[in-house]
Amino acid sequence: MARERRDSKAATFFCLAWALCLALPGYPQHVSGREDRADWTQEKYSHRPTILNATCILQVTSQTNVSRMWQNDLHPILIERYPGSPGSYAVRQHIKHRLQGLQAGWLVEEDTFQSHTPYGYRTFSNIISTLNPLAKRHLVIACHYDSKYFPPQLDGKVFVGATDSAVPCAMMLELARSLDRPLSFLKQSSLPPKADLSLKLIFFDGEEAFVRWSPSDSLYGSRSLAQKMASTPHPPGARNTYQIRGIDLFVLLDLIGARNPVFPVYFLNTARWFGRLEAIERNLNDLGLLNNYSSERQYFRSNLRRHPVEDDHIPFLRRGVPILHLIPSPFPRVWHTMEDNEENLDKPTIDNLSKILQVFVLEYLNLG
């Protein structure tokens, strides 16, 4: 961002309920194209979600638990974690451990590299977690896990970046945990279109500037990974297509966790996907699934347009990747201050946004 500026019985019930969701009629299902269909890299532009019915929505949202997320994922991330710090290593190990322990069988990789910074060469490590590496197309959900570097303070305080971006990291881990069974179902599917489309979670290092935001002092992790993906053949063995062409939609989360956020539209070419978030928010409210919520303060507002903000999506945008940027406008009042901490987070808002995001992901992956 341009920033100076439960048990086995319960498990069986869930599986049966999910099978019922998949069997229920009355909702449009994704129809696979001809076997000789055109270039697969173009399918993202005509992709249609499978709209979840009320039964499925109720089942999905019953699996998420914001208090468990708070304890198991948010607290371990709410530490100083600028690139190269002990906290950065600890958070990176936590993210990998949580993802590797899931039944879906994620491929979790570290993308480690060195880059020149105002403080000399530093080592950075992105975390890329892929549900099915053999799938041609991937929905990408991303955030950054580093915190902005602040010199030692006289009062001993450290910057933990609660909204920036500990909460998005925790939300992504909770998404993977709470959707573990449907995502396992997706991975085991061998028939198109499900076998052709999967999910990728990316946790970027080095989003923040060390000194002053500039093209060379910012977005270290995303710049490196975008370049790498643009030159890595995909699917394996391909000669003319690369990993970056396999990104269907790049959903970037940032500055999330404060009360009453407003998310505007930043990119018109992905406005239809923003519209799905808006519709899901409305549906969840109608079902009574949003806490401490007023429709007068809705989160996603398709009638609001804002100029793009520099963030980890930029290196991908420049390579033609469709972007859905979920960053509030205005920024939280605690942005880049020591007050961006746990005390200033709003748990109901985070819970609500987690539910919306999880439904969105299932719809996009045609798991409904």
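Heads up, the Cβ atoms here are built off N, Cα and C, so glycines get one too.
Annotation comment: Swiss-Prot describes 1-23 as signal peptide.
The secondary structure of N53 (N-linked glycosylation site), as reduced to three states from DSSP, is coil rather than helix or strand. Cβ-based neighbour count (10 Å, all protein chains) for N53 (N-linked glycosylation site) stands at 15. Under the heading N-linked glycosylation site, Swiss-Prot lists N53 (among others).
Annotation comment: Swiss-Prot describes N65 (among others) as N-linked glycosylation site, evidence class sequence analysis. In this structure, N65 (N-linked glycosylation site) belongs to neither helix nor strand by DSSP; it is coil.
Annotation source Swiss-Prot lists disulfide bond at C143-C169. A 10 Å cutoff on Cβ-Cβ distances gives C169 (disulfide bond) a total of 26 other Cβ atoms nearby, all chains included.
The Zn(2+) binding site feature in Swiss-Prot is assigned to D164, E208, H336.
DSSP gives E207 (active site, proton acceptor) a coil state; it is part of no helix or strand. Every protein chain considered, the tally of other Cβ atoms within 10 Å of the Cβ of E207 (active site, proton acceptor) stands at 26. Residues annotated as active site, proton acceptor in Swiss-Prot, with similarity to another entry given as evidence: E207 (among others).
In the three-state DSSP reading, D254 (active site, proton acceptor) counts as coil. Per Swiss-Prot, the feature active site, proton acceptor maps to D254 (among others).
Long-range Cβ contacts of N292 (N-linked glycosylation site) within its own chain (separation 6+, distance under 8 Å): P348, T349. The N-linked glycosylation site annotation in Swiss-Prot covers N292 (among others) and rests on sequence analysis.
Feature annotation from Swiss-Prot assigns N-linked glycosylation site to N352 (among others); the stated evidence is sequence analysis. A C-beta separation below 8 Å, combined with a sequence spacing of at least six in one chain, links N352 (N-linked glycosylation site) to E281, L284, L290, N291, Y293, Y299. N352 (N-linked glycosylation site) falls within a helix when secondary structure is assigned with DSSP.
Look at D164 (Zn(2+) binding site): DSSP puts it in a helix. Closest to E208 (Zn(2+) binding site) by Cα-Cα distance, out of the recorded positions N53, C169, D254, is D254. In the set N53, N65, H336, none of the recorded positions has a C-alpha within 10 Å of the C-alpha of C143 (disulfide bond). Listed recorded positions near D254 (active site, proton acceptor): D164, C169 (candidates N53, N65, D164, C169, E207, H336; Cα-Cα distance within 10 Å).
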